[in-house]
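Comments concern the structure below.
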Amino acid sequence: MPPDAQRVPWRWLAAGRASRRLVLVVVFVALLLDNMLLTVVVPIVPTFLYATEYEGANRSLAPAWTEPAPPALKPPFSSVFSYFDNTTVTVSASGSPSTSELVNRTERSPPPQPPTSSPPPASGCLEGEEFLAKENVRVGLLFASKALVQLVVNPSVGLLTNRIGYHIPMFIGFVIMFLSTVMFAFSGTYTLLFIARALQGIGSSFSSVAGLGMLASVYTDDFERGNAMGIALGGLALGVLIGAPFGSVMYELVGKSSPFLVLAFLALLDGALQLCILQPSKISPESARGTPVFTLLRDPYILVAAGALCFSNMGVAMLEPTLPIWMMQTMCSPKWQLGMAFLPASVSYLIGTNLFGILANKMGRWLCSLIGMAMVGISLLCVPLAKNIYGLIGPNGGLGFAIGMVDSSMMPIMGYLVDLRHTSVYGNVYAIADVAFCMGFAVGPSTGGAIVRALGFPWLMVIVGVINIIYAPLCWYLRNPPAREEKIAILSQECPMQTKCYTTQNTLREFPLADDSDVEAESVE
């Protein structure tokens, strides 16, 4: 083989590592798998726990009233009729009675009847109202465990990306996510499912913080960054879109382990893609020291943006554990409908993130977020009005579209605020953004189950809906955030005609995914 032919794959690989689009593909796939695993358990866990714990316990407590199998060899029997008490006595060959059959004695001593369980409700809904009420709390804690762990790990991952770059944390996230998926497939108890969910939180922290920080570092233009974030969040939306319906259908037709094994195979493909593109063995620290997390947390504009992410996503986070159980109680829904109920929200979220990734920059991201949060509140208030699964299409569709508006606006704003007011290093700020997500998905399920048990599902929707409507006007403060004085000087020198134009502090910064040799070759050319 000629030398040029041997170099073609290496040239393609080097070109791929220097391509921003392939970086976007890697982040897209990572967010897709993370959120498929996030939502695939939503329709599976409530019905799986009900089948294994409630029905299994009742089945083990019920006495066996099945007739014993007849012996293989029957001894000769003879029957003797007694005119004294109108009974027929079966006598074995040895002369001793073995069994007695009652004839015409029903009025004297009726035969004992086995205890029967209470008849099912006329509507066909599941039994065990008290068990389902308690299950709201347990399922909520299970779902919240992922976000709680992610909440703790995120700041450490942000510091780690500042020191060693984004490549290695991204690959660590893949490895942990794969282990969590396999553990979900073979877990048969609540405790093991809880551990698998918490392990997923660690992997998700590495993947999301490193992935979003990587995108912000390679897309430095505000408009391009908004488009890239919209596409990446489209991967998140697609994962949410596919996860719940995919999990409910596979669980109904094949079994509990099947959807997780499929996700584990897709995770292996994502790991192979990361090995080719991201060079996970390469340490590439940031050229500038990032702003500390606690300094960013004292910035009121970052806090407003983080709060919008938290409260808007808290609504769907509360729906995940409580809506399937509410449907089981009030709508008597079969298994496949428990996941399909989230389909309108997922489809509209996918449309919203891609549409407003572009439109939000034109109409104003603050206005897009304000309208989105108000729509979130109104949609949540309409959810309890549904009488069947078709009544959930409108509220859930509006909810997903509104959350897509908020997410596609606030994620670029977080990067813009760092460029405008702090050092242009993005690991810590996207760790804060991910913490905001996690706060919503931790507080939502954990408190939602308790509120449902105390006040009921409709009041839960009213509470979280009103919170979103009240918080929405705060987005107005993001309309024109002030820059630091040294940043104003940089902006006035480099972008005198554009108030929203900015550059990173190191204008000749090396592309984070390219080899040193590639950069030197480009400079020579």
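A Cβ is built for glycine as well, from the same backbone N, Cα and C atoms used for every other residue.
Lifted from TrEMBL, the feature list:
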- 21-45: transmembrane segment (TRANSMEM)
- 23-483: domain 'Major facilitator superfamily (MFS) profile' (DOMAIN)
- 91-103: compositional bias 'Polar residues' (COMPBIAS)
- 91-125: region 'Disordered' (REGION)
- 109-122: compositional bias 'Pro residues' (COMPBIAS)
- 172-196: transmembrane segment (TRANSMEM)
- 202-219: transmembrane segment (TRANSMEM)
- 231-254: transmembrane segment (TRANSMEM)
- 260-280: transmembrane segment (TRANSMEM)
- 301-319: transmembrane segment (TRANSMEM)
- 339-359: transmembrane segment (TRANSMEM)
- 366-386: transmembrane segment (TRANSMEM)
- 398-418: transmembrane segment (TRANSMEM)
- 425-444: transmembrane segment (TRANSMEM)
- 456-478: transmembrane segment (TRANSMEM)
Whether the transmembrane segment (301-319) meets the transmembrane segment (398-418): three or more C-beta pairs under 8 angstroms: yes
Range from 202-219, 339-359, 366-386, 398-418 with the greatest count of C-beta pairs under 8 A to the transmembrane segment (425-444): 202-219
Of 21-45, 172-196, 202-219, 366-386, whichever stretch has the most CB pairs under 8 A to the transmembrane segment (260-280): 21-45
Contact set, same chain, for the transmembrane segment (21-45): CB under 8 Å, 6 or more residues outside the stretch: 139, 142-143, 146, 170, 173-174, 177, 180-181, 184, 193, 197, 200, 203-204, 207-208, 211-212, 214-215, 218, 228, 231-240, 242-244, 246-248, 251, 256, 259-260, 263, 266-267, 270, 273-274, 277-278, 320-321, 324, 335-336, 338-339, 342, 346, 513
